[in-house]
Amino acid sequence: MATDYYAVLGVRRDASQDEIKKAFRRLARELHPDVNPDPKTQERFKEINAAYEVLSDPQKKQVYDLGGDPLSQAAGGGAGGFGAGGFGNFSDIMDAFFGTASQRGPRSRTRRGQDAMIRIEVELDEAAFGTTKDIQVDTAVVCNTCNGEGAAPGTSAQTCDMCRGRGEVSQVTRSFLGQVMTSRPCPQCQGFGTVVPTPCPECAGDGRVRSRRTLTVKIPAGVDNGTRIQLAGEGEVGPGGGPAGDLYVEIHELPHSTFQRRGDDLHCTVTIPMTAAALGTKVPLETLDGMEEVDIRPGTQSGQSIPKHGRGVTHLRGGGRGDLIVHVEVTTPGKLDPEQERLLRELAKLRGEERPTGQFQPGQQGLFSRLKDAFNGR
């Protein structure tokens with residue numbers, strides 16, 4: 001290092017900015033050409049000015065402390081510098097080493113906000129035909145006190161004095177290739193290029209506050225469990241008053257007491273006595289469209305399904321609706337009085353069903369009996 005700037009000002013290497021400033025002012029009053037016209041004193045005055053220029057600037061001081069001389073490029077390169085003759089400033093040096101790396105510039109304080117999600121419950125008929133619902137959401141909104149700027153009323157953001165608004169600072173590192181200058185986001189302004197000296201008291205400088213709002217959501221016909229409805233721009237407002245993200249409304253369909261939904265079809269079960277199954281009947285059923293009758297034809301068997309077309313859920317995409325599938329369950333009486341038993345026996349006799357058709361008939365051998373006879377040689 002060609003010049004010890006700390007020695008020039010007579011301060012320690014860990015001196016504060018206030019100590020550096022006081023030392024410079026004291027020497028400047030003593031060595032100013034108007035006070036002391038001696039030529040040697042004038043050279044000394046130039047030295048303290050150069051030392052103060054470096055040590056009072058956090059960026060230049062950092063470069064100097066890491067082994068570089070931030071003033072060397074002004075003289076076309078020096079013994080302890082980069083030999084950077086022809087470069088106008090640090091940006092020129094960065095361009096030479098890293099191309100466009102130093103042209104990133106400060107990042108914007110205004111950024112898009114995050115998306116938000118809320119889950120709402122709907123009844124089956126609401127999902128089938130569509131509806132509108134008022135929902136309450138708690139998201140970040142623009143602070144009305146500072147209009148998203150983050151600064152207290154009557155104040156504004158100021159250019160960062162560490163990076164001079166560039167959003168990044170340069171530093172010198174030593175490697176086997178020699179001294180290399182690199183850049184990184186400014187630690188004082190976090191890369192924004194500006195700082196907020198007096199933050200807004202309402203949002204603490206963030207530019208956003210939490211707020212509960214009421215929104216009206218249109219639920220389209222045909223939504224199902226897990227369907228997400230996107231509300232553009234209704235999510236979290238971004239930092240610095242940036243545009244809001246989107247709000248996603250996730251549908252949770254509540255179970256129905258009668259119907260089970262499978263896709264756009266609805267399923268239900270009706271229970272009828274065996275006499276109704278044999279003779280046929282009409283069963284009243286409350287559907288999504290109101291009271292209707294299910295036509296049970298004579299001879300209907302337990303487990304048989306009867307479709308009612310177009311009585312299901314509206315198709316979410318395209319027209320039309322799914323079906324209502326009615327499953328029939330036939331019950332058998334568990335206890336009969338003597339008269340009922342007599343009548344059933346008479347019916348069985350008339351139908352030739354005194355002996356159950358599935359009963360094992362005498363003289364017939366089962367599989368295991370035949371295998372046993374074969375093993376015994378019979």
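Note that Cβ sites are derived from N, Cα and C of the backbone, with glycine treated the same way.
The domain 'J' annotation in Swiss-Prot covers 4-68.
Taken from Swiss-Prot, the feature zinc finger applies to 130-212, supported by sequence analysis.
On the 0 to 100 pLDDT scale, the repeat 'CXXCXGXG motif' (143-150) averages 90 in the predicted structure. Taken from Swiss-Prot, the feature repeat 'CXXCXGXG motif' applies to 143-150 (among others).
According to Swiss-Prot, the feature Zn(2+) 2 binding site maps to Cys160, Cys163, Cys186, Cys189. Long-range Cβ contacts of Cys189 (Zn(2+) 2 binding site) within its own chain (separation 6+, distance under 8 Å): Pro106, Cys160, Met162, Cys163, Gly167, Val195.
The annotation repeat 'CXXCXGXG motif' is assigned in Swiss-Prot to 160-167 (among others). When Cβ-Cβ distances below 8 Å are used as the criterion, the repeat 'CXXCXGXG motif' (160-167) is approached by residues 58-59, 91, 104-107, 185-189, 191-195 of the same chain, each at least six residues removed from its ends.
Residues 58, 105-109, 159-163, 165-169 of the same chain sit 6 or more residues outside the repeat 'CXXCXGXG motif' (186-193) yet have a Cβ under 8 Å from a Cβ within it. Annotation comment: Swiss-Prot describes 186-193 (among others) as repeat 'CXXCXGXG motif'.
Nonlocal intrachain contacts for the repeat 'CXXCXGXG motif' (200-207), taken as residues 6+ away from its ends with a CB within less than 8 angstroms of a stretch CB, comprise 109, 142-146, 148-153, 239-241. Here Swiss-Prot flags 200-207 (among others) as repeat 'CXXCXGXG motif'.
Feature annotation from Swiss-Prot assigns compositional bias 'Polar residues' to 358-367.
When Cβ-Cβ distances below 8 Å are used as the criterion, the repeat 'CXXCXGXG motif' (143-150) is approached by residues 109-110, 156-157, 196, 199-203, 205-209, 237, 240-242 of the same chain, each at least six residues removed from its ends. Cβ neighbour count for Cys163 (Zn(2+) 2 binding site): 25 (other Cβ atoms within 10 Å of its Cβ, all protein chains included). Long-range Cβ proximity for Cys186 (Zn(2+) 2 binding site), meaning a same-chain Cβ under 8 A and a gap of 6 or more residues, is found for Cys160, Met162, Cys163, Arg166, Gly167, Glu168, Val169, Gly193. Cys160 (Zn(2+) 2 binding site) counts 22 other C-beta atoms within 10 Å of its own C-beta, drawing on all protein chains shown. Annotated Zn(2+) 2 site Cys160, Cys163, Cys186, Cys189; additional same-chain residues within 8 Å of its Cβ mean position, judged by their own Cβ, are Pro106, Asp161, Met162, Arg164, Gly165, Arg166, Gly167, Glu168, Val169, Pro187, Gln188, Gln190, Gly191, Phe192, Gly193, Thr194, Val195.
Across the repeat 'CXXCXGXG motif' (143-150), DSSP assigns 0 helix, 0 strand, 8 coil.
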